[in-house]
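Enquirer: Quick one: structure below, then a few questions.
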């Protein structure tokens, strides 16, 4: 990390010097450099990808940005005003965003999967697609996709310095402010999509909707709201009604919007928001209601909960095609239910749409990876409702794999949770999966210092992350009645951070790699690669793993955090880091 920061500081100084030299040259020529567009901004030679990532990471802890966020929290409308200001400083305007042909999607769970289905369907029609999502799993480039693929390192680097340079050189005139991490990436995504001339852009909301920085979009072609639940309560409110109000903030006058069936009091709030804004709102039908000649629709994403996401994607893509390509057929024919809710029709999907649903991929969500005798089940569930869906998916899918196993199977849980989320409640749901071991670790990819800038998080201290892991382990033991914390011993040798472990079936590791290496016990050749660092584990801990070495197969569920899943994928899928 220190090496990475050192490089960033050196590059940043060089960058500032280049800007200063250019300013002086233009000044001598009698030209102004204060108002150029990023469309003509040059790529700064020598500014490499890792330099861009390290510079981007400084926006996580930028003091003025943090103060700005605190100030705006009491007046959320300031967030959108600030975003418009940053957009203009970057050489963009909201008028330019109107040309992106946007599909705007929010929700508590499933919004990313809905976007993935939608993007794949429209790409299958031959459109050049842009897709902006968050968070990333392994590399930040995953957040900004062209035709389903993360933009290349060269392209990211080029556009990063164009946008960052414009913002950096105008900051003195604006109190030294720079956009925070997510705001900057949103601006960058808009710039990339405009420069790369995509036919459409699928934009996933970050948090909430009404005051999310993506909501500077004025004229989307269609909006969608996936399943709602309780999350980000400090920002959005502590009831599903308050959260629904925030999510409904992406509605725009005259722009069709679709939602799935919602829990509790969420639907009345969404209907009222749509009425206030002047937005026609429809509820999606069940997936089985769609008329398909080839039999039941097959989804590329596993899990029953993906069915509502797929139905929402069908309505979004179908409506975009109608409004964008067939302007005389702008709105669907509807039926009205007893409660006054408009019901969207279950049309007959074209073969292209059917194939799009089947081809969709969304890593880290109900994903299964089989490496020899070890099978990994990865799902970034981090709310109560998404964890319920994860448990249903894992129990069904793991049972299928166990039926074809050649002998006894050992089940292992690898878990972490972050933020204000109720990890104890999520762990209680996981008890029903009957794991042989529960392993906990922070969202740190590996304990050996390295320049892994894409996954660095400066907003949470290592001490806080480790404390959270110990709290999670304690909750698991209480749920399983495994006793208290007496009789602890050192898990790792003296050269590493001291973390306690118990004589029961729980273990805490200092990083994701060390946890995976212990779980797999050398039975996954990808993790056994000599190039990967190996932490010195005490003999007593090695002995504890005897059941893992003796089992015919090992099944590992990795869940609780998308950042945990991303860190695991970095090691399990080396291609994802290239």
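Even glycines carry a Cβ here, placed using N, Cα and C.
In TrEMBL, annotation is done automatically, which means it is predicted and not curated.
Annotations per TrEMBL:
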| type | residues | note |
| --- | --- | --- |
| BINDING | 134, 204, 232 | Mg(2+) binding site |
| BINDING | 365, 379 | ATP binding site |
Enquirer: In angstrom units, rounded to an integer, how far apart are the Cα atoms of residue 134 (Mg(2+) binding site) and residue 379 (ATP binding site)?
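Expert: If we compare the Cα positions of residue 134 (Mg(2+) binding site) and residue 379 (ATP binding site), the gap is 15 Å.
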Enquirer: Can you check which residues sit near residue 379 (ATP binding site), meaning Cβ under 8 Å from its Cβ, same chain, 6 or more apart in sequence, and list them in order?
Expert: 364, 365, 366, 367, 386, 390, 393, 394, 557, 558, 559, 565
Enquirer: If you count the other Cβ atoms within 10 Å of each Cβ, which of the binding-site residues 134, 204, 365 comes out on top?
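Expert: When each Cβ's neighbours within 10 Å are tallied, 365 tops the list.
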